[in-house]
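Visitor: From Swiss-Prot, here are the annotated features:
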- Gly41, His42, Glu63, Asn71, Thr76, Ile78, Val206, Gly366, Lys368: FAD binding site (BINDING)
- His182: tele-8alpha-FMN histidine (MOD_RES)
Amino acid sequence: MRYSALSILLNGLRGNRNWAPAWRQPDPKPHYDVIIVGGGGHGLATAYYLAKEFGITNVAVLEKNYIGSGNVGRNTTIIRSNYLLPGNNPFYELSMKLWEGLEQDFNFNAMVSQRGVLNLFHSDAQRDAYTRRGNAMRLHGVDAELLYRAAVRKMLPFLDFDNARFPIQGGLLQRRGGTVRHDAVAWGYARGADSRGVDIIQNCEVTGIRRENGRVIGVETSRGFIGCAKLALAAAGNSSQVAEMAGLRLPIESHVLQAFVSEGLKPFIDGVVTFGAGHFYVSQSDKGGLVFGGDIDGYNSYAQRGNLATVEHVAEAGKAMIPALSRVRVLRSWGGIMDMSMDGSPIIDRTPIDNLYLNAGWCYGGFKATPASGFCFAHLLARGAPQKTAAAFRLDRFERGFLIDEKGQGAQPNLH
């Protein structure tokens, strides 16, 4: 069924009794050309582009829980492409361009809202760094504007300009950045992949990877053995655990990243604002709630919840940027498991094990990269060679010394 204003109207008049399920609930087949482990945004996007762009439809997406129960539904919904380094900039700009046409592409309302992302700066050195970043963006054809104090104050008068410990000097603005409804992204890709013949198999946990003569031939699951010609791992924070089933150790640590939403408030934040003197970012949802987050919890964990020390740290940073937040009540919080790589950049590559491919190490950048990640991973699986914008995301770059360290923090995953 194709969604349209007319179909919504007609089904509403009929009591919404004639809607077809958005995707099937198939039983697994004995063998697939490609099995994708992980039914999150990246896994579903990979399946969608494999079918749509490369004509490979004998594909299964295996999800141990329900579709969208992982990180794709546990983030703060921000999209942007304001990256500095050559390895990152073209890739995230590809993702931004795919976001811009996504709803028309898969005929699903993902609520893409390009309302701008503003990164505040608070010192001369930070201003110079943002100027450099903005110039690099513009050289790659990405929009960027450097705003000074008066322009920022006119745009966001509720920020603390008069009594701030770290005075606001200005900000770097990307107007094409914004937010997207994260659940709708998972549902849209799932619906699009399923309509092209992909099997989305929920409540099917991978418990082992079967190898024969040094190559992967399938996976052991809670629903039995399923064979495959190629196995693609897109398991986010659980990537290390799944790869270990094949005897592969990854340069990745898993950390919890918490996110929060407040009570509904009168609209006052038009776009996304990030605090340059602390790790804090905030936007306002359609319901009026403030959606915000900050640093990861600094210890390794696979729990989808965090600790109170980080909650306090995030609240302090938010209050320093917007003093009025001190009176706002938090409704709920949640956590996602971040696959933190050694240099803060992702891995999209084949592994040393034949027929085993990896999509992992996304750190904070996973959600905003969803379309490009799926497209580039599908290209790798279909063609056997990396897509040009993802060519730098090799697994062996740590051994070769070709790191993509956007923040310049060195080989310490919990700092990226």
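Cβ from N, Cα, C; glycine included.
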Visitor: What are the sequence-distant neighbours of Glu63 (FAD binding site), meaning same chain, six or more residues apart, C-beta distance under 8 angstroms?
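Guide: When sequence neighbours closer than 6 are ignored, Glu63 (FAD binding site) has Gly38, Gly39, Gly40, Gly43, Ser69, Ile200, Ile201, Gln202, Asn203, Cys204 within Cβ distance under 8 Å.
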Visitor: In whole Å, note down how far the CA of His182 (tele-8alpha-FMN histidine) lies from the CA of Lys368 (FAD binding site).
Guide: 10
Visitor: Show me the subset of Gly41, Thr76, Val206 whose Cα is within 10 Å of the residue listed as 'tele-8alpha-FMN histidine'; these are the binding-site residues I mean.
Guide: Gly41, Thr76
Visitor: When you measure from the Cβ of Val206 (FAD binding site), how many other Cβ atoms are you left with inside 10 Å?
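Guide: I count 23 other Cβ atoms within 10 Å of it.
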Visitor: Reduced to three states, what secondary structure does DSSP give His182 (tele-8alpha-FMN histidine)?
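Guide: DSSP call for His182 (tele-8alpha-FMN histidine): helix.
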Visitor: Rank the recorded positions Gly41, Thr76, His182 by the number of other Cβ atoms within 10 Å of each Cβ and report the first-ranked residue.
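Guide: Comparing the recorded positions Gly41, Thr76, His182, the most crowded Cβ belongs to Gly41.
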Visitor: Enter the number of other CB atoms within 10 angstroms of the CB of Lys368 (FAD binding site).
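Guide: Lys368 (FAD binding site): 25 neighbouring Cβ atoms within 10 Å.
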Visitor: Using DSSP with the three-state reduction, classify Val206 (FAD binding site) as helix, strand or coil.
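Guide: Once the DSSP labels are grouped into three classes, Val206 (FAD binding site) ends up as strand.
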